[in-house]
Each structure stands twice: as structure tokens, then as C-alpha cells.
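Pulled from TrEMBL, these are the features on record:
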- Asp171: active site, nucleophile (ACT_SITE)
- Tyr226: substrate binding site (BINDING)
- 76-85: compositional bias 'Basic and acidic residues' (COMPBIAS)
- 445-455: compositional bias 'Acidic residues' (COMPBIAS)
- 264-366: domain 'Pseudouridine synthase I TruA alpha/beta' (DOMAIN)
- 67-105: region 'Disordered' (REGION)
- 433-455: region 'Disordered' (REGION)
Amino acid sequence: MEGWLPEGSGCPSCSRVLQGPRVPLCCSRECSCRLSPLFLADSPLLPFPLQVLMMAEDLRAAVAGQPKRLNSSSEVVERVEENGHQNKRLKRDADEEDGEDQNKRLPKRKIVLLMAYSGKGYHGMQRNVGSSQFKTIEDDLVSALVQSGCIPENHGEDMKKMSFQRCARTDKGVSAAGQIVSLKVRLIDDILEKINNHLPSHIRILGLKRVTGGFNSKNKCDARTYSYMLPTFAFAHKDHDVQEEVYRLDKETLERVNKLLACYKGTHNFHNFTSQKGPRDPSAKRYIMEMYCGEPFVRENIEFAVIKVKGQSFMMHQIRKMIGLVIAIVKGYAAESIIKRSWGEEKVDVPKAPGLGLVLERVHFEKYNRRFGNDGLHEPLEWTEEEEKIAVFKEQYIYPTIINTEREEKSMANWLNTLSIHDFNSSAVEMQANNKTSKNSSDLEGSDGSDGDSD
């Protein structure tokens, strides 16, 4: 049934002007205000009989539309359920965004992180920003700090913004069980767990402590302790035919090794134990507190021993050359007097042992601990509670890497074969010729954990 409204009439609810000479009774449904026809039926613009007919038509439509409404109600339930899941997703996304925003609002605090890592496959600790060719430990660390929300992304690109400083720069292939880095981070909840979740298993953050605002892990470090794990057949005399898996270090040889290592204690000029330093360079003088070789032990049918050295600081290649020279003496290639001679101005050819077994064991902050460790605001930088975790990490990742790599690549055995080409009484001119011959075999091993001047 149709009715009519005069052209130009307005909708009784929204006053919208209705166009056209004849307008259907349902015109109000087409109006933007969705006005009910019953309301339109009350309009004085329509004759009374037409109003009654419209009301009856609406009643029939209401009865006829009941099943449809039931169907539509089930659809509504389904839609509500869908919206429920969608709302949960939206709420979760909102919560994550709120968490990120909350992290951004957290103040940054200066902390130190206790790190352990296996250095195989990495070109050292220090990050080379802008160079992706050589992967370093810090590349993985910075990525994990950004992903966990500890630092903004731009701090990862410019590490000075977070006041980042490593205590010791370990070089290619060198591992660490007690590396310390200082930096400013947001102290988010479960911070260690979140950082480790974004690190490979062979790099772990084992501890965290708050420090003073001006703390610098390199400058505040009093001393560093390194260990060097090597197969004991390295000490076998060159005139003896030795089978690697059969050789066992005797007591007398171990005592001689420790006697030679003890010669390094004190302050000496180690210009012959690094590169690019002359005998009159004051920075070539370094203080060694202790150096000794522990009791041997057997792993994978090969006997190993661990040399430990504690010093104020070390130059590039210094530790490996100190050990290399002792091995050359014990094997019979050089006289014991060469150690003292190497501290003089004369240039001495000092062999460099492989980098495989070198591990940064611990760094020391004794002066800092005395001044701030018991001030009631800061903790002493000691890691007694983390010792067990450190030992477990070494057994799982560091020692197996050293042992398996030695068995597969025979880095120590191959290096021992190069000792015969060294002339320990040669002049500087003769040394240059020898170095050209031995360069390839020695450089493949990388360099030791260098800090101090080389950092």
C-alpha cells in the first residue's frame, strides 16, 4: 500500500526534506534518521484512515518478522563471541603497547652485567658499528637489549648514548666466564630472563648489579684474571716422540713450568710480548700479580692443564706470548735466560701460543668495593652467588668447545710444529724474515683477550 506526502515535506524527526511528487509509505525507512513508520503514521500530514492502514501493516510485519529476529539474535550471539575474541586480541595488543609505553617511561639506571660466552665463531667482543662482515659478541648483546625493551633502538645504534663500556676486549675465538659490561638501561621486570630469551645459548647474562652513576667498567677495574687451557703434551720435550693421547705430565715438568711462570710476577717491560710498542714506551710496563699452572686432568682421553694469570692489565697478544715463550723453553727450543732478556731493549722473537684456550675468568674491582661496596646504597661487585652458574656454563659451553676444537683442528699440535722456525737469538732484521714465513700459521689463531691500551 502506498501513501503520499507533498513534495518538499520534512521528516517529522529530522526535518529532512523529502524529494519527489509521490513518496512510498516506507519513505521514513530511507530517511537518514531511520524513523519508524508508526511514528510517521502519527504525522498530521497523512489522513487518518491511511494512518490506521499503516499501523495494521506494521503489526503484520512485526509478526512476520519474528522468526527472522530469532535468527538474527543467534547471529548476534555469534557476532558477540567473535567480538569477544577480537576484544581479547585488542586488549592484549593494548596491554603490550601499554607495557612498552610503561617501559619507555621507566628511568634509566647505571648497572653492570656479568656475562659468560663461548667465543668460537666470533671476531671478538667489541662491536664494529657499520660492519656486518665480522660478527661480535656485542652485536648479539645489543640486539637482545633492544628486543627486550631495556634500551631504545637508537641507543643500540649509538652505544655512547647508553654509556656502554666493556671491562676487557676479548679477541677472536676467546671466551669469557666473567666479563663485565657497564651501561644505562631501563630496569624492566624480569630483566635477566628477558635479555637471555633473545640471546643464543652460548651467551648468557648471569648477574646484574646497580652501580654509581659515573661507573666505568674498564677504568674502575683493578685487575683481570685469565685462564689458558692447553693439552699437556705441549710441555713434552722436542726430542721425545710423544703420542698426544698417551702423554701425561710428570711432577718435575709441572714444577719447572710453574717456576718459569713465576718469573713473570712483578712489573716488567713487555714490549716484546705485543706489537707496535717500543722498549721505551711507558705503557709497555705491566704488573703481573700471579701466574701458575694447575694440576692436570683428563678429558676425552687427552690430558689438559689450566694456566691462570692475574694482572693489572694486558696488552694485545701478551698472555699468549708469555705462555708461548714458556712452552718454547720447556720443550728445549730456548734457554731460560731469554725471559729476562725479553724485558730489555733488545728485540726478541717471542712465539705466540694459539688463542683457542684463552678465557677471561674474572675482573676485579677492589678499590670500588672498598669505597662503595658497603655504603648502604650499592653492592660490592663480587659474584659469590653466581659462582655455581659460572661453573655450569664453563662445563657446558667453554670447555667442550676447547676440547672438541683441539681434537678436530689440532691447533696446539700444529702450532708446536712452528717453534722450530723461530730463532730465539736472532736480531730484529732476521726476525722480520722469520715472521713472514710464520705469519700465516700464527695469525690464523686470532689474538688474546686484550684490554688496556688496545681497547
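Counting starts with 1 at the first residue shown.
Cβ from N, Cα, C; glycine included.
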Point to revise | Cα-to-Cα gap, Tyr226 (substrate binding site) vs Asp171 (active site, nucleophile), nearest whole Å | key: 13
**Study point:** Other C-beta atoms that fall within 10 angstroms of the C-beta of Tyr226 (substrate binding site)
**Key:** 25
Review point. How many neighbouring Cβ atoms, not counting its own, are there within 10 Å of the Cβ of Asp171 (active site, nucleophile)?
Key: 24
Review point. For the domain 'Pseudouridine synthase I TruA alpha/beta' (264-366), what is the mean per-residue pLDDT, to the nearest integer?
Key: 95
Check your understanding: What are the DSSP helix, strand and coil residue counts for the domain 'Pseudouridine synthase I TruA alpha/beta' (264-366)?
Key -> 25 helix, 33 strand, 45 coil
